[in-house]
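**Q** If you scroll down you'll find the structure; I have some questions about it.
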Ligand SMILES: O=C[C@H](O)[C@H](O)[C@H](O)COP(=O)(O)O
């Protein structure tokens with residue numbers, strides 16, 4: 001990547017750059033997946049290379065593992081880390097309670113395992129991801145390939161009686177073939193439009209045989225760092241209830257902007 005960043009990339013970068021302030025020497029850090037998380041991995045890599053920061057990272061996808069190694073972060077497995085100090089990840093939507101929809105990139109399963117095994121989860125997002133009610137973004141549900149059509153039908157049936165606006169699921173595709181996750185599963189995207197009770201929906205979905213996990217992250221995220229295209233950043237802390245605003249400078253740093 002070279003030249004001027006687009007406003008959306010500036011927003012993502014600003015959120016990522018502010019969030020890495022939470023990372024301290026010696027930490028075991030969960031590394032999220034997606035375009036926003038990729039900025040965070042690049043920022044952390046710079047801190048490792050330039051400032052001598054010593055961290056170990058647990059990636060949430062093969063893509064993130066590859067990027068982390070490229071930028072110089074020591075990569076370990078979750079089983080090696082056992083528990084994490086902090087996870088920083090992106091989201092497709094977040095609400096005022098910091099409940100999230102994740103999985104637009106198909107990494108929801110490892111992301112949820114890693115975030116749940118962390119003392120703290122910070123979500124980084126551009127301001128457009130904030131919603132008053134979750135559900136406009138299709139909810140990813142990871143299902144095992146065996147009998148996926150039956151599982152999809154059971155999922156759609158389970159939605160009857162829940163306060164959602166749509167009930168259709170679609171198998172995520174990668175060209176002509178089903179999209180396959182890092183855990184060799186499929187993804188059914190649910191077009192719900194509105195999710196009145198995300199906590200209930202998350203529980204209902206995970207009780208259906210064949211469903212491995214869903215993209216609702218309920219009571220997992222502690223802090224949201226929200227970036228804007230002009231470099232402004234807000235920090236929302238669910239415990240402290242604080243809102244902080246500051247501006248991130250866009251660094252003229254080729255190391256961060258090269259296409260990794
Ligand atoms: O599976 C992918 C992840 O949940 C991503 O963190 C999420 O889709 C947000 O991605 P992005 O930062 O590219 O919008």
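From the backbone N, Cα and C atoms, a Cβ is placed for every residue, glycine too.
Positions annotated as active site, proton acceptor by TrEMBL: 111. TrEMBL lists 33, 34, 35, 36, 89, 90, 91, 92, 102, 103, 104, 105, 129 with the feature substrate binding site.
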**Q** For the substrate site (33, 34, 35, 36, 89, 90, 91, 92, 102, 103, 104, 105, 129), what does the 8 A shell look like? I mean other same-chain residues with CB within 8 A of the CB centroid.
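**A** Along the chain, the qualifying residues are 32, 37, 107, 125.
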**Q** Give me the Cα-Cα distance between residue 111 (active site, proton acceptor) and residue 129 (substrate binding site), rounded to a whole Å.
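**A** Just about 18 Å between their Cα atoms.
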**Q** Restricting to the chain of residue 35 (substrate binding site) and a gap of 6 or more, list residues whose Cβ falls under 8 Å of its Cβ, or answer none.
**A** 9, 12, 90
**Q** When you measure from the Cβ of residue 129 (substrate binding site), how many other Cβ atoms are you left with inside 10 Å?
**A** 23
**Q** With every protein chain in view, what's the tally of Cβ atoms within 10 Å of the Cβ of residue 91 (substrate binding site), excluding that atom itself?
**A** 27
**Q** Between all pairs in 33, 34, 35, 36, 89, 90, 91, 92, 102, 103, 104, 105, 129 (listed as substrate binders), what's the biggest Cα distance, rounded to the nearest Å?
**A** 16
**Q** Report the same-chain neighbours of residue 89 (substrate binding site): residues 6+ apart in sequence with Cβ closer than 8 Å to its Cβ, ordered by sequence.
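**A** Set apart from residue 89 (substrate binding site) by at least 6 residues yet with Cβ under 8 Å, we have 30, 31, 32, 33, 34, 37, 60, 102, 111, 114, 115, 121, 122, 123, 124.
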